[in-house]
Structure formats: C-alpha cells, structure tokens
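Have a look at the structure below before the remarks.
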C-alpha cells in the first residue's frame, strides 16, 4: 500500500536536519521513489492486462509489503500493544487508504493506460484540497485554485483529445495488441470514473490517517499492521467475488515480479526513502517530485510496452504537471502568510 503519507505526518513534527552534505542524496532518493512508482504502475498494467485477478494482486502485494516492513518495525522496538480504539482506526485506515482506493485504481488502470492512470496518483493532493473545500477545512486561495483548474483541465485534455500519434521509437515488448487498444478506447469513460473515485478515496485517507498516528504513534508498526489488515481485507473481498483457485495461483511469471516489486520497492522502499527525506528536508519536500512519476510512466510505458504517445497526451500531461507545481507553490506560500498573521 501507499504509506508515504503516514511517514510524512509522523515526521512533520520534527525539525528538518542540517542540509549540509545532503545536497544530492535527497533529490536522488526522491527520483528513485518516483521511478519505483512508474515501475509499479507499468508492471501492474501488464499483470492486470494479462488476466491477473485484481484482488489477488492487492492481497499478495499488501501481505508481502507487511513482511518487508516488519524488520524496520522490529528496529523501532518490540511489538506495541494495540487497544480496541487503535485497532478500529487501523482497520478503517486499511479500508479507506488501501482496500477501496487501490481496488478502484487497479480496475481503472485495466480500462485505460498506464500513463493516463499515473496522472490520477499525482492529483491526489488536489483531490484532497477540493474535498477540504467542500468540508470547509480550507480557505479558497487564487494560487492553489489556479493549479487545480490547470491540472483538471490537463486531465480532461488527455481523456478527450488524442491528436496526432507520435512514433518516436519501437517498443521493447509488444504488449498492446490492436484488440486491447480497442478495448481501452471503449472503456475509457468507466476507467476514468474509477480513477477519479480512487483519487477522492485517497483524499479521504489523507484527512483521517493522522488520527491513526495519534492513537497509535509507532509509524513502522502502524504501517505494517495497516498493510497486514489491508491484505486480509482484499483477500476476503476477492474470495467472495471469485472462488476459483486458479485466480489465486502465482507462478514464476510477470505476476510474481509485480507482487515482489510492489511490496518491496513501491511500499517498503518508498516509505523508508520518503521518511528519510522528510527528516532531512521537511514534509513539503517529497511532493515536489511527484510529477516526475507521470513523465517516467509516459516515457517508459512507450519504450517498454508500446503505449501510445499523442499530441493530446503530451499537452495534457504538461498541463497537469504545471498545475500541480502551481498548486504546491501556492500551498507553500500559505504557510508563511498564516505565520505572519
């Protein structure tokens, strides 16, 4: 599961350490995080497109992620007891932050393309802001609103306008057949609805997950428990939806690679690097690099699995990235203004 938000919230209370000697390491770590995000999206697209059952992927990925995080939790100390209040919040955290949004995201990914789906992982902060406006938890600022409008407009442009197809290179693997291309076109709208719903579910998680760290302030144990519970939740849902044993079988193939990669790099590795970067540079640092995952997914998706790059996708992706940076800049400017008051 995507656990970077938990690490950001936990480290936000600590002052950033001295930046001397870390000039290149923190940016390099964040680039690695965004590359791992792009790899996770591309591998998941190939696995799901090849027929892997979504809930099997979710269950195995989460349980493997829990096993990877466990040694980090043990370094923090022995198992911390969980009372009923904390257990309830961890269950809700896993349900709202993993089981539901990742199910929606993977089904949306299956109906669209990896480069298109990657956009929706990066507009989660904007979805959080919109939800905060609706709940009147945020004040309307022109800077942040301009970023929201530009990002939403870019997303709509990618969805509705294709334009000229750009043949830049031959793909390494010929994953997309003509039939799959036609299926993707016909399912674009349902896939977009699922991806939007996923972003808003993640936004809900961002608003509630800080409560988990208040009632159970052990970030590694909290993340491990959330991954474990999320794995069981998706496993139960999967068994209810499909009891065919073949849907749960894992061989030495791309499905296993996707599970191991997602659990090790896109969960445990990403979490550790984000936590380290927050401790060095502060909680606003990791989100600055999030648009890079869209660029990596577009380029690597075209190189490795032959996803189309069109004029519309390039223009729309550029708008989304520019809008996200304007949004993050506006949010960063709000902090000193509030302090000045």
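Cβ from N, Cα, C; glycine included.
For 30-159 (among others), the entry in TrEMBL reads domain 'EamA'. With DSSP states grouped into helix (H, G, I), strand (E, B) and coil, the domain 'EamA' (30-159) comes out at 109 helix, 0 strand, 21 coil.
Residues or ranges marked as transmembrane segment by TrEMBL: 46-74 (among others).
Beyond the transmembrane segment (86-108), the same-chain residues lying 6 or more positions past its ends with a Cβ under 8 Å from any Cβ of the stretch are 1-2, 5, 44, 48, 54-55, 57-58, 62, 117, 120-121, 191-195, 197-199, 201-202, 204-205, 208-209, 211-212, 215-216, 222, 225-227, 229-230, 233-234, 237. Taken from TrEMBL, the feature transmembrane segment covers 86-108 (among others).
If one looks beyond the transmembrane segment (114-135) by at least 6 residues along the same chain, the residues whose Cβ comes under 8 Å of a Cβ in the stretch are 37-38, 41-42, 44-45, 105, 108, 144, 147-148, 151-152, 154-155, 158-159, 191, 195-196, 198-200, 202-204, 206-207, 287, 290-291, 293-294, 297-298, 301-302, 305, 307, 309, 313, 316-317, 320, 323-324, 327-328, 331. Residues annotated as transmembrane segment in TrEMBL: 114-135 (among others).
Long-range neighbours of the transmembrane segment (142-161) within the same chain, counting only residues 6 or more positions beyond its ends whose Cβ lies under 8 Å from a Cβ of the stretch, are 116, 119-120, 123, 126, 129-130, 188, 192, 312-313, 315-331, 333-334. Residues or ranges marked as transmembrane segment in TrEMBL: 142-161 (among others).
Sequence-distant contacts of the transmembrane segment (189-208) (same chain, six or more residues past either end, CB-CB distance under 8 Å): 2, 5, 92-93, 96-97, 100-102, 104-105, 107-112, 116-117, 120-121, 123-125, 127-128, 130-132, 135, 137, 159. What TrEMBL records for 189-208 (among others) is transmembrane segment.
For the domain 'EamA' (190-328), the model's pLDDT averages out at 84. The domain 'EamA' feature in TrEMBL is assigned to 190-328 (among others).
Taken from TrEMBL, the feature transmembrane segment applies to 220-240 (among others). Proximity of distant same-chain residues to the transmembrane segment (220-240), defined by a Cβ-Cβ separation under 8 Å and at least 6 residues beyond the stretch ends, is recorded for 1, 3, 6-7, 53-56, 58-63, 65-66, 69-70, 72-73, 75-76, 79-80, 82, 90-91, 93-95, 97-99, 102-103, 212-213, 247-248, 267, 271.
The annotation transmembrane segment is assigned in TrEMBL to 252-273 (among others).
For 285-305 (among others), the entry in TrEMBL reads transmembrane segment.
According to TrEMBL, the transmembrane segment annotation covers 311-328 (among others).
Away from its own ends, the transmembrane segment (46-74) comes close to residues 1, 98-99, 102-103, 106-107, 109-110, 175, 180, 218, 220-221, 223-225, 227-228, 230-232, 234-235, 237-238, 241-242, 247-248, 250, 254-255, 258-260, 262-264, 267-268, 271-272, 305 of its chain (Cβ-Cβ under 8 Å, at least six residues beyond either end). Same-chain neighbours of the transmembrane segment (311-328): 115-116, 119, 122-123, 125-126, 129, 143-144, 146-164, 166, 284, 287-288, 290-291, 294-295, 298, counting only residues six or more beyond its ends whose CB sits under 8 Å from a CB of the stretch.
Here the transmembrane segment (285-305) has long-range neighbours at 4, 8, 26-27, 30-31, 33-35, 37-39, 41-42, 45-46, 113-115, 118-119, 121-122, 125, 168-169, 171-173, 175-176, 274, 277-278, 313-314, 317, 320-321, 324-325, 328, meaning same-chain residues at least 6 beyond its ends whose C-beta is under 8 angstroms from one of its own.
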